[in-house]
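Enquirer: TrEMBL feature annotations, pasted as is:
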DOMAIN    43-485  domain 'Aldehyde dehydrogenase'
ACT_SITE  Glu265  active site
REGION    490-511  region 'Disordered'
COMPBIAS  498-507  compositional bias 'Basic and acidic residues'
REGION    533-553  region 'Disordered'
DOMAIN    539-756  domain 'Aldehyde dehydrogenase'
Amino acid sequence: MNKIAQIFDSLDYGPAPEAADQANAWLNSHDRVFGHFIDGAWTAPGKTFASTNPASSEKLAEVTDGTTEDVDTAVRAARAAFPGWSALSGYERGKFLYAIARMIQKHSRLLAVLETMDNGKPIRESRDADIPLVARHFYHHAGWATHLSSQFPGMVPYGVCGQIIPWNFPLLMLAWKIAPALAAGNTVVLKPAEFTSLTALLFAEICERVGLPKGVVNIVTGEGETGAAIVNHPDVDKIAFTGSTEVGKIIRAATAGSGKGLSLELGGKSPYIVFEDADLDSAVEGLVEAIWFNQGQVCCAGSRLLVQESIEERFIAKVKTRMAKLRVGDPLDKSVDIGALVAPVQVERIRDLMQRGIAEGAEVYEPDGQVPATGCFLKPALVTNVSPANTLVAEEIFGPVLVAMSFRTPEEAVALANNTRYGLAATVWSENINLALDIAPKLKAGVVWINGTNNFDAAVGFGGYKESGFGREGGREGMASYLKPSWEKDLQPAPVRPHGEPVEPRGRANPLDAGHLDQTAKMYIGGKQARPDSAYNRPVVSPDGTSVGEVGEGNRKDIRNAVEAARAASGWGTTAAHTRAQILYYLAENLDYRRTEFAARIKAQAGEDGDREVALSVERLFAFAGWADKYDGAVHNPPLRAVAAAMIEPLGVIGIVAPPSQPLLGSIALIAPALAMGNTVVVVPSDRSPLSMTDFYQVLETSDVPSGVVNIVTGDSVTLAKTLAEHDGVDGMWFVGPADASAMVEKASVGNLKQTWTSRGLDYDLADPRFGGDYFLGKATQVKNVWIPYGA
Ligand code: NAI
Ligand code: MG
């Protein structure tokens, strides 16, 4: 047989390697050793470590391990560049972003090859996915820069942003961080991951070539300690991190109380749900994309296959057939599907996890065939026979390992899908659009792909729910996370008021000497008046020391009951916005009806003008009734045959600790926006003047508020704030109080990475009309982007 006939016979691939000579030439032009890029110039290399090609184990270059001093120099350069950069017009900044996008496009092949060499990902992916998305991100944000002042009036940049990125999409993660930061007028210090620094250094050179002002972008290479030095630097105003949930939690704790902005894009264990009426062949192709794209080293990888029992056998057989056709090998080969994992340590990690899973009963299928003998290669793997508790089901593997389970009903699919501490992404396959659109809102994930997977676009936000982090990248919401209201920068310290201590009424030391018989206000939990678990009460006294009543001394148990009630009332979140509005209007009406009584109570507890505070509280309820059906989502039109519906969803349960002042408004101003957006709340009212809110439950009872939507626990603010912040059933936490207690709340929230807003001892005057606007609505909600393809 001649050669061509043989090829027709075997249909084998020949090698189709992409040339590496240009990337090597670029590395050589730097003598294969790099310092940092700080203040528009290259520093002399310091102590260095190797950046290697994981497919060949060949050393590509030496990069500098950034010290605390290096980080400090970079932060100072970024600080010095900030006034000039932020003062440029949006158009001027936009032109720089546009120039960067053009340069990336012009040098796309060089960037793609270098990325593949340093990371091990197939050239097909770096060439067709990573780098085009990088360029798209800079183009998109050139536009945001141009229109910033009209689109985000009153908003200003944070200042210096510290950005720390992982190794799985090195240049793409850099783009997701740097493009919006620069568009907003921030300057940045970015640290690439230690395994993959090279494209960030090539990017630095691009910044140089486009004439970006010195110090606007600083790249400091290094390992975890260098990252920690950025996180802990006192002159950094915002931290943006993508990486493991473990490090994300360290950063959350480290930044607590610092006032630094924070966005975290962390791990995932995303479900890939296939219903019996799905187009199975398409779903198989989607699955290949979901779990074997980038060797499965994808935060949003569809790593948990949930397949309907009726088609399980057929679908799994198709998956196995397809797996056998995946080609594992040299990432620079244009016809390779699965390249090298990033580093030997990751291969070991995956092998360890697999062994644990197998010991727990898992069965593993791997197709026949060989992978290259040297380099970080693994075969694609399919894991079956697992219970939800199996390590391979629960842990993020970050490798080419798919775990399969089955379900019978849509309800069961949703329950299994949500049975994870993560909430980054989810995929739904069904030809029944009604079913798919019914399931999407029920999935606790920041991105839902219907009949598709791993779609990304700069115009569509990306980010997680639950322990997958908070904040979004891309879209309007991503842009917003690099801006803050200008007035926040001018806040003064709140007048210091004693807090937490029950104030003893003058001249009374004996707790039995209650001023009022039968005037102990109850707590309000699950729609019922509740006595405190502790069976202790605390006195309420007027500023002149007169006893005006008693309230229960709430404890951990009361908080637990209240959180349970709030969780059980989650139906509030899917109640029609119109209905929520009607109920808030009704609350306003009923409070107004009793304004004289409420005003007198405020006057008695706080000595302040009660009439004004009641009027403001009524107005605030009215304002948020009006907001309920207006603060809503968007439909994006990404460059694919799909629309992405950006849906605004509530956080879930919000713990609210009200300020000591403004006994009524202090709570109402925070409850109203939370309720309007569909959250349920556990509120700890002012601990010195709690009676206005214990009176308020009578208003709740007469206003059709469903049981459990508002729960009121009285007691010491700081003690109860700690319990709420530590509770994993609470999704968000708002705290008004001193700086040290605010820091405590942020730190205690690390367990389930709840989103926090704290006043940090600053004078947030909740009577200010700005708090009737959308300030709290963004904090009460998270955006879920649902991708819906079209075309027959
Ligand atoms: P990692 O979270 O340690 O690394 C991400 C980045 O954080 C790197 O730039 C690293 O230098 C930096 N870093 C590490 N410790 C730090 C600290 N204390 N303070 C500040 N920055 C710090 O992830 P790693 O160790 O490379 O991978 C381990 C596992 O984490 C993976 O197997 C995977 O499961 C998960 N991971 C998830 C990612 C995602 O996008 N969801 C990305 C990378 C890793
Ligand atoms: Mg490398």
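Residue 1 is the first one shown; counting continues down the chain.
Glycine is treated like the rest: Cβ placed from N, Cα and C.
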Enquirer: Restricting to the domain 'Aldehyde dehydrogenase' (539-756), report the mean pLDDT as a whole number.
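Expert: For the domain 'Aldehyde dehydrogenase' (539-756), the model's average pLDDT rounds to 96.
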Enquirer: Could you say whether, by DSSP, Glu265 (active site) belongs to a helix, a strand or a coil region?
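Expert: SS state of Glu265 (active site) = strand.
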Enquirer: Return the residues near Glu265 (active site) by Cβ distance under 8 Å, restricted to its own chain and a separation of at least 6 in sequence.
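Expert: Correct list: Phe241, Thr242, Cys299, Phe462, Gly463, Gly464, Ser468, Gly469, Gly471, Glu473.
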Enquirer: Using DSSP, break the region 'Disordered' (533-553) down into helix, strand and coil residues and give each count.
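Expert: Here the numbers are 0 helix, 11 strand, 10 coil.
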